[in-house]
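Per Swiss-Prot, the feature active site, proton donor maps to CYS350; the stated evidence is sequence analysis. Residues annotated as pyridoxal 5'-phosphate binding site in Swiss-Prot, with sequence analysis given as evidence: GLY239, GLU281, PRO282, GLY283, ARG284, TYR379. Taken from Swiss-Prot, the feature substrate binding site applies to ARG284, ARG319, TYR323, GLU351, TYR379. Here Swiss-Prot flags LYS64 as N6-(pyridoxal phosphate)lysine, drawing on sequence analysis.
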Amino acid sequence: MFPDIEVNDKGHLLIGGADAVELADEYGTPLYVIDEMRIRENYRRLYRAFSGEYSRFQVFYACKANTNLAVMRILEEEGSGIDAVSPGEIYTALMAGFDPDRILYTGNNVRDDELQFALDSGVRINVDSRSQLLRLSEIAPEGLRISFRVNPLVGAGHHEHCITGGEMSKFGVMEREAPEVYRMAMDLGFEPVGIHAHIGSGILDPEPFMLAVETLMDIAGRVHEATGVEFEFIDFGGGLGIPYTPEEEPLDIDEFASKITGLFKDKLSEYGLGRPMMCLEPGRYIVGDASYLLTRVNTIKESYRKFAGVDAGFNTLLRPAMYGSYHHILVAERPLDEPSEKMDVAGNVCESGDLFARDRQLPEINEGDVLAIMNAGAYSFSMSSQYNSRPRPAEVLVREGKVDVVRERETFSDLLRGQNVPARLLKR
């Protein structure tokens with residue numbers, strides 16, 4: 001999964017057949033560059049692996065990873081569904097052309113108007129709590145088909161903030177209460193048809209995922225035995241990781257799929273659950289390594305340490321500051337150069353934690369160089385902000401050298417959009 005480095009006859013980095021240096025020159029920096037074919041290849045690799053083992057398989061892309069409309073259109077063309085966690089994501093998915101039945105809404109701490117929006121949109125609703133179920137029952141039509149998110153008491157992820165299962169998690173119905181909650185839903189006039197869990201993000205070790213699958217299947221079995229619910233789908237969530245460092249090994253997706261589907265089929269047989277749809281909700285696995293963030297070096301500073309200062313900050317790419325995440329960095333003009341000195345790569349936000357790399361061995365870097373920050377496709381633009389009153393960057397989509405602007409660069413006027421000064425504060 002760690003992308004191979006391609007160069008052109010100038011020695012410049014190629015992304016989707018386009019010269020990264022020329023992209024930076026033409027479209028400005030910072031700039032997100034999205035490789036269309038990498039997204040398609042990642043989706044197809046995963047879909048082939050699982051559907052080859054179990055034909056009733058469906059992907060619901062976790063669009064919180066990257067909600068760019070063009071990215072979502074690509075995945076709609078590929079046959080994916082959408083895992084949406086907010087009304088805004090539902091709206092975006094609908095605008096991207098997804099059929100409502102291919103959108104699974106899994107919100108938490110949801111307002112009544114958000115539930116109404118989901119109902120009006122016709123999407124599938126995945127209920128997170130008793131409270132949500134009771135409030136939904138007051139506005140939902142008789143016989144509404146729903147599913148439940150269950151906390152299987154298994155959690156895993158690349159950082160504690162990304163663990164979404166276990167006793168400390170805010171998400172889902174407690175596993176021991178699952179049969180009771182399904183019965184409650186039936187008594188309220190709902191038709192429960194699915195069960196769901198999601199344990200965390202950035203998982204490269206299959207063992208926690210295997211445990212989560214086993215646990216959720218056991219819960220599904222207990223619910224079926226206690227209530228007679230016939231599951232139309234069982235959704236194991238997402239969390240499949242990608243290597244962020246050159247040393248990390250990617251998931252062997254074929255082996256992973258074989259293990260997961262084998263366990264799934266064994267449990268179906270054990271509990272007499274028939275042949276429901278098996279669902280996964282990958283986000284990072286599909287888009288994570290399909291984008292680069294291009295940023296230009298404007299300052300080389302040598303004080304008590306050496307800094308390469310760039311024109312992006314944690315307002316553009318938050319993960320290193322928030323999670324301490326490693327993102328590999330190339331010099332776009334010379335991507336094959338070997339590391340030669342230790343330095344920090346610092347952003348332009350007025351915070352001491354605004355660093356893309358600390359004490360990193362990097363090639364020679366000069367003012368004016370374009371740095372390419374790799375694996376910037378997931379939880380990157382979608383977590384960006386206007387902090388320090390800096391407009392968000394543009395995004396371009398590349399395929400076989402063709403370039404399309406798929407998000408315009410924000411301007412200063414965008415920083416003030418929606419703001420109003422009361423008349424009493426205006427100068428007379």
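A Cβ is built for glycine as well, from the same backbone N, Cα and C atoms used for every other residue.
In the structure shown, across all protein chains, TYR379 is the one of the binding-site residues TYR323, TYR379 with the greatest number of other Cβ atoms within 10 Å. When the recorded positions LYS64, PRO282, GLY283, ARG284, TYR379 are ranked by how far their Cα is from the Cα of ARG319 (substrate binding site), TYR379 comes first. In this structure the alpha carbons, written CA, of TYR379 (pyridoxal 5'-phosphate binding site) and LYS64 (N6-(pyridoxal phosphate)lysine) are 7 Å apart.
Using Cα positions, the member of the recorded positions LYS64, CYS350, GLU351 nearest to GLY239 (pyridoxal 5'-phosphate binding site) is identified as LYS64. PRO282 (pyridoxal 5'-phosphate binding site) sits 10 Å from the residue listed as 'N6-(pyridoxal phosphate)lysine', taking the C-alpha atoms as the reference points. In the shown protein chains, 30 other C-beta atoms lie within 10 A of the C-beta of GLY239 (pyridoxal 5'-phosphate binding site). Around GLU281 (pyridoxal 5'-phosphate binding site), a 10 Å sphere centred on its CB holds 26 further CB atoms from the protein chains shown. Sequence-distant neighbours of CYS350 (active site, proton donor) (same chain, six or more apart, CB under 8 Å from its CB) are ASN388, listed in sequence order. Ranking the recorded positions LYS64, TYR323, GLU351 by Cα distance from ARG284 (pyridoxal 5'-phosphate binding site) puts LYS64 first. On a Cα basis, LYS64 (N6-(pyridoxal phosphate)lysine) lies 11 Å away from GLU281 (pyridoxal 5'-phosphate binding site). GLY283 (pyridoxal 5'-phosphate binding site) has LYS64 nearby among the recorded positions LYS64, TYR323, GLU351, counting only those with a Cα within 10 angstroms of its own Cα. TYR379 (pyridoxal 5'-phosphate binding site) falls within neither a helix nor a strand when secondary structure is assigned with DSSP, and so counts as coil. A simple way to gauge crowding: the CB of ARG284 (pyridoxal 5'-phosphate binding site) has 26 other CB atoms within 10 angstroms, across all the protein chains here.
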